[in-house]
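Below: the structure, in structure tokens.
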């Protein structure tokens with residue numbers, strides 16, 4: 001059974017269709033090449049014609065998509081040719097193929113490649129039978145790169161064989177999946193037909209034109225960002241062509257988590273190595289530079305489609321502003337192209353004359369239900385309540401607050417149908433993401449304070465909100481909600497008073513506040529905002545109505561200005577706006593002009609008043625700003641080099657320059673120095689409490705014991721000051737026993753390579769590995785050196801006289817400083833095609849190459865650590881620390897390998913602290929994902945410390 005197939009499910013669900021090439025053009029599946037045999041008239045010639053097709057052969061597989069074939073033969077007959085008439089061979093193919101048994105294999109069965117390798121178990125090689133298993137491209141570097149070569153290995157990894165794979169074996173082409181036919185990887189189109197070249201478009205539609213999906217792009221920028229993890233964006237299930245790119249090189253780290261808060265990589269404040277991950281039903285490729293000096297950018301890409309929602313996170317390590325762009329493609333919902341602008345008006349009847357009825361509570365837990373992806377709303381039968389669905393996103397998002405930002409922030413999302421242009425903030429549609437800031441406005445012509453209570457139940461189309469739910473009348477209060485931190489946007493449209501414009505003022509009783517509503521963070525600020533669709537969205541936040549009574553806002557409605565005698569067609573028109581600022585302050589940018597809808601008197605109104613079909617296209621022009629000046633950029637300061645006494649902190653200082661829009665790169669320091677910019681300091685002194693003389697220890701040496709044997713490892717012990725000042729009774733031990741590795745290590749060899757020359761000069765080489773019983777490659781020191789197979793043999797086309805043959809050098813016998821390396825030098829000859837070892841005199845001892853040579857590794861820098869300090873707590877979980885220093889001789893230096901630096905700080909878990917009676921008033925609020933809040937370390941935030949009071953309590957309290 002082929003349990004390892006990589007074929008999409010849709011392809012196997014299609015019926016197999018036989019493909020036969022007709023006409024004069026032979027197909028790739030043909031296994032014979034027709035020849036032309038045309039004779040002039042009068043001579044005897046041979047006539048050719050096709051015989052009948054044979055029956056279809058048995059399917060090459062029992063499931064998973066095999067191959068069956070038919071053959072026909074070209075028949076011939078000698079006859080007299082007719083003058084002037086050409087006689088040709090059979091034209092076409094003699095063999096044709098089709099797919100068969102396309103149903104999926106049981107998931108717990110063997111793969112088809114495994115079945116083929118297992119079939120060799122009964123065969124004898126070199127006098128013994130082996131157990132064989134397949135090697136796949138992901139876990140072995142093939143001897144052959146042909147996709148239809150079957151690679152098998154013995155279970156112990158000591159032997160490999162390569163044979164042609166059977167027909168029906170899965171293979172992979174560049175942009176199509178395929179199947180092996182007669183040793184060649186033939187394509188299977190997205191229509192499930194063999195030899196078809198039909199491909200999926202970017203929307204995942206077979207032979208589609210790319211118009212059935214929406215391309216979502218956005219960018220994440222935050223000023224004064226808090227340390228720790230923050231949500232960049234939520235990627236819904238079904239997303240394709242995912243790209244998340246960190247545009248500005250920084251110490252930030254991208255991470256990926258599911259909707260429950262489980263991290264796939266770079267989570268829990270640990271950085272994983274860049275590699276490919278199998279996540280959400282697709283391969284996610286994560287790459288990043290290994291250090292700040294390495295070129296390249298950090299990015300996450302995946303082809304998709306995903307089978308679950310994903311949260312893209314960023315781990316901010318220095319509080320600087322990140323710059324991240326993201327994009328992905330989603331299949332369009334049926335309503336996406338036809339979502340009308342939505343206005344929500346509150347009838348005057350809903351507001352009574354008394355103060356108690358004018359003020360209504362805003363149900364913040366349902367506010368985010370205001371916008372739905374299909375533009376519909378929910379209502380309740382009560383005439384005083386407008387129902388809104390509390391589930392803005394599908395699937396539900398994790399309820400995690402990512403920290404308020406008091407500085408500048410802009411996290412924009414733009415959605416477009418394929419082939420369209422994404423320009424500026426979206427208008428008149430809903431655009432979704434998780435890191436959203438909500439805006440809510442309420443207007444009353446008498447400047448009365450007013451708010452609304454939102455609940456959700458019955459589905460109601462947005463087109464009928466005004467008339468069926470909110471009543472009629474020319475004078476009404478209008479409500480608009482814009483979610484703009486990720487540009488989630490619902491733009492109002494007129495119902496019965498199109499000439500009115502709404503402006504909102506805020507009265508501040510205190511500074512900006514924040515609320516968490518269904519997992520989305522809403523920040524409140526006092527910026528003045530109007531409801532025009534051209535209002536700027538980035539860097540702007542607004543507030544929902546007051547929840548605690550400490551904030552009020554007023555609104556005023558402009559009087560209607562309807563011109564008598566002006567026809568509806570002339571009432572509104574499109575007008576090109578003035579040029580927007582250049583998109584770049586330096587280098588070449590783009591300056592855009594957009595159309596805006598204006599009234600007859602020149603007042604800008606909502607775009608929905610004008611005819612969308614006559615809207616002018618945006619105009620884009622290049623604009624040249626000044627050249628970007630180089631600048632110094634610094635990393636964050638390292639920890640102090642010492643936990644006591646005087647030490648040093650270091651940071652990296654590099655010269656950076658914006659070379660082109662969006663391309664920021666490190667450059668030579670000379671450029672920054674030429675501008676006379678002051679270079680920041682790379683080192684500064686740090687002082688901790690004085691420390692007396694203390695013992696310092698290096699790391700343990702490597703155990704040199706052979707398998708199953710015992711030996712001793714050692715470490716250096718030194719006093720931080722004069723040796724006499726340290727207490728001898730507290731001196732740590734300098735050696736301890738160790739045990740060698742298990743005795744399952746064995747030498748494994750590859751096949752011999754080609755011969756490099758003739759007799760006396762030819763060499764053939766193979767690779768020799770030390771492997772465990774499960775096939776893992778380990779250092780050669782774990783295998784017996786005495787039994788290591790030779791990696792170099794003499795070779796040639798005739799017998800060779802004895803000559804010296806040197807093997808490869810072994811590793812240097814020291815990890816630092818000066819040492820010795822050795823190699824094996826043998827006297828060998830080639831006799832009857834086989835290499836033979838001879839005695840040294842036959843080769844001439846005077847000509848023997850050296851077997852030893854000096855070697856020099858990096859300077860002997862070595863890490864030393866002091867003993868652990870006392871735990872910072874007497875009960876519960878605390879922290880203990882130690883000094884970590886890098887020495888070269890007696891000098892403290894910076895040359896040690898940071899990858900093997902010992903930890904200088906670790907948690908210490910002592911006995912539980914005395915418990916107190918539980919506080920029943922401290923409970924978690926329903927609907928708050930407290931498990932996720934704890935996982936991303938948000939208990940210190942003011943909201944979660946209350947909303948997750950019970951979960952965030954210290955342990956044992």
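Each Cβ is built from the backbone N, Cα and C atoms, and glycine gets one as well.
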495-531, 532-568, 569-605, 606-642 - the one Swiss-Prot records as region 'Disordered': 532-568
Between residue 90 (disulfide bond) and residue 100 (disulfide bond), the C-alpha gap once rounded to whole angstrom: 28
Cα distance (Å, whole number) from residue 63 (disulfide bond) to residue 100 (disulfide bond): 8
Integer Å distance between the CA atoms belonging to residue 74 (disulfide bond) and residue 105 (disulfide bond): 38
Fewest other Cβ within 10 angstroms of its own Cβ, chosen from the disulfide-bonded residues 74, 90: 74
Confidence summary (mean pLDDT) of the domain 'PLAC' (918-956): 72
Surrounding CB atoms that lie within 10 Å of the CB of residue 59 (disulfide bond), all protein chains: 20
Distance, residue 74 (disulfide bond) to residue 63 (disulfide bond) (CA atoms, angstrom): 33
Cα-to-Cα gap, residue 59 (disulfide bond) vs residue 74 (disulfide bond), nearest whole Å: 25
Residue 100 (disulfide bond) CB neighbourhood, other CB atoms within 10 A: 20
Around the Cβ of residue 63 (disulfide bond), the count of other Cβ atoms that are within 10 Å: 19
